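*Asks:* Not my notes, these are from Swiss-Prot:
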type: MOD_RES; residues: Ser91; note: phosphoserine
type: ACT_SITE; residues: Ser111; note: active site, charge relay system
type: ACT_SITE; residues: Asp162; note: active site, charge relay system
type: ACT_SITE; residues: His188; note: active site, charge relay system
Amino acid sequence: MAGVDQHEGTIQVQGQNLFFRETRPGSGQPVRFSVLLLHGIRFSSETWQNLGTLQRLAEAGYRAVAIDLPGLGRSKEAAAPAPIGEPAPGSFLAAVVDTLELGPPVVISPSLSGMYSLPFLVAPGSQLRGFVPVAPICTDKINAVDYASVKTPALIVYGDQDPMGSSSFQHLKQLPNHRVLVMEGAGHPCYLDKPDEWHKGLLDFLQGLA
């Protein structure tokens, strides 16, 4: 991959082995900051590799790390810290960030991964540079006070053909510092339906972060 370094490996988080893929600028080029990519129940870190998101991020100067969540992808043997659909302790994603030395990262969180990202987002003292929720679950499990306390800039993304995107937005719009990207004609995995629009919106958002 020209101009980009990539590798994959396994980290141990709270006693569980998690698979990850990492892509960063090549040839010792400086890194702006890190981006942690999560995924939905039917997907894995491979989704972001195949879509070209990892490469696009690295080419733009970011360290991009995509993990396979517990019980999914190549982390299938790892036990999840909470049942699917229930918020996991914020400490889980904090441990991922610490182990991979990402902090403070931008977190990209589609669908299922909301059970991990939202508790991390609202945890007191959480270190996050930015948050990109893509129609995540568990938005109804966070209260208004916690949403209002979040200072992290957010880019809320969803497809206009996705009912889950619309319903999650009704909660996420309580985040004080947010902008919205609605993709016309796109469904639940809107980044797959409109990859060019996804990459442009994401990179524009990242460019505006310190």
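In case you wondered, yes, glycine gets a Cβ from its N, Cα and C as well.
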*Asks:* Out of these recorded positions, Ser91, Ser111, which one has the fewest other C-beta atoms within 10 Å of its own C-beta?
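*Replies:* Among the recorded positions Ser91, Ser111, the lowest count of other Cβ atoms within 10 Å belongs to Ser91.
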*Asks:* Do me a favour and check the Cα-Cα span between Ser111 (active site, charge relay system) and His188 (active site, charge relay system); whole Å is fine.
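*Replies:* His188 (active site, charge relay system) has its Cα 8 Å from the Cα of Ser111 (active site, charge relay system).
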*Asks:* For the C-alpha pair, I'd like the distance in angstrom between Asp162 (active site, charge relay system) and Ser91 (phosphoserine), rounded off.
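*Replies:* Distance between the two Cα atoms comes out at 30 Å.
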*Asks:* For His188 (active site, charge relay system), what residues in its own chain, 6 or more apart in sequence, show a Cβ-Cβ distance under 8 Å?
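*Replies:* Residues satisfying the criterion: Gly40, Ser111, Ala135, Gly159, Asp162, Met164, Gly165.
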*Asks:* I'd like the number of other C-beta atoms within 10 A of the C-beta of Asp162 (active site, charge relay system), please.
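*Replies:* Within a 10 Å radius of the Cβ of Asp162 (active site, charge relay system) lie 22 other Cβ atoms.
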